[in-house]
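Peer 1: Handing you this structure, nothing more for now.
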Amino acid sequence: MGAFLDKPKMEKHNAQGQGNGLRYGLSSMQGWRVEMEDAHTAVIGLPSGLETWSFFAVYDGHAGSQVAKYCCEHLLDHITNNQDFRGSAGAPSVENVKNGIRTGFLEIDEHMRVMSEKKHGADRSGSTAVGVLISPQHTYFINCGDSRGLLCRNRKVHFFTQDHKPSNPLEKERIQNAGGSVMIQRVNGSLAVSRALGDFDYKCVHGKGPTEQLVSPEPEVHDIERSEEDDQFIILACDGIWDVMGNEELCDFVRSRLEVTDDLEKVCNEVVDTCLYKGSRDNMSVILICFPSAPKVSAEAVKKEAELDKYLESRVEEIIKKQVEGVPDLVHVMRTLASENIPSLPPGGELASKRNVIEAVYNRLNPYKNDDTDSASTDDMW
């Protein structure tokens, strides 16, 4: 679960789509981890009378990818097909939806446990889940674990989910009541999240219900009334993103990228690359969902971006030419630039978000470059 590669796998999986007045893009990267354990769901237009609803989620697996993969394929069905969600005839009420989401999580968790026991020994993998269910009137934020979702409204972070960590007082109380302990901020000194799907080794305390176990599958659900004028975008991401970027930082960075491109896949790729260069060592997945009032491409912002790239290119060339013998390594170039007051760097991303631009110029000007040299070795992180 904690093993790392000698160099990161930087290939990305992308997707994008639109409908119901929404646009979305997503990006995921294995990064430094030995295995890719993340998964995701993106569905615009749900079946059975919910054509104007949409669902998006990120799943961050651990100790294997089985639970994350199963949830990405089946969690939505467990949510929308249970009686608590449907309630009476017609569109489900807010309380129906919230109860149905909770029931769906508990049902799929129990279903996976039964399936696992029927096989050769229980599956030991688990997964966080963070998602949004978007109706024409409401956005329902869903969280179980330490992945995170946030809503940017009127250029500010309006809402974000709370991470479920063992050190949280309420989580710690439940863990201790189930006979467990919190050591080095982990459940029984091992698991770093206090709520998750799967992780059945932590859900076998006799006399305790499913939401009273060492690790609970119960999600927190928050309903937020939509604001057509002010809602701009939603970000869903695993902790590989949040480990190196704060809520406001990521919100500011995404907003700045939306002012220079309307390609949401590209924006998500920039988020993932920037987090890698900021030092993230985990799998990374991010979904960006834009409302009609999301920032639009600005000619002024595009011009400033081009000027910044040109400035960085000239500075890299100057640094290389200044070297008396040979060519300085890329780490030296990055550290030199990091020590300077460079205007107009993307907020939140800063110099790390321009690593690809800098590296491209460096490689073009470096006659000694080895094409097999990894572009993000551990020594490069400054």
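Using N, Cα and C of the backbone, Cβ positions are placed for all residues, glycine too.
Since this is a predicted model, take the numbers as computed values, not measurements.
From Swiss-Prot, here are the annotated features:
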LIPID     G2  N-myristoyl glycine
DOMAIN    23-291  domain 'PPM-type phosphatase'
BINDING   D60, D239, D282  Mn(2+) 2 binding site
BINDING   D60, G61  Mn(2+) 1 binding site
MOD_RES   S375  phosphoserine
MOD_RES   S377  phosphoserine
Peer 1: To the nearest whole angstrom, what is the C-alpha distance linking G61 (Mn(2+) 1 binding site) and D282 (Mn(2+) 2 binding site)?
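Peer 2: On Cα coordinates alone, these residues lie 11 Å apart.
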Peer 1: Hey, for the Mn(2+) 2 site built from D60, D239, D282, who else sits with CB inside 8 A of the CB center?
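Peer 2: Same chain, not in D60, D239, D282, Cβ within 8 Å: D38, T128, D146, S147, C238, G240, I241, W242, D243, N283, M284.
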Peer 1: Find, among the binding-site residues listed as D60, D239, the one whose Cβ has the highest number of other Cβ atoms within 10 Å in the structure shown.
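Peer 2: That would be D60, with the highest Cβ count within 10 Å.
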Peer 1: State the three-class DSSP label for G61 (Mn(2+) 1 binding site), counting H, G and I as helix, E and B as strand, and everything else as coil.
Peer 2: strand
Peer 1: Output, ordered by sequence, the same-chain residues six or more apart from D282 (Mn(2+) 2 binding site) with a CB under 8 Å from its CB, or 'none'.
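Peer 2: For D282 (Mn(2+) 2 binding site), the qualifying residues are G31, W32, R33, C238, D239, G240, D243.
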Peer 1: CB neighbours of G61 (Mn(2+) 1 binding site) within 10 A?
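Peer 2: Taking all protein chains shown, G61 (Mn(2+) 1 binding site) has 28 Cβ neighbours within 10 Å.
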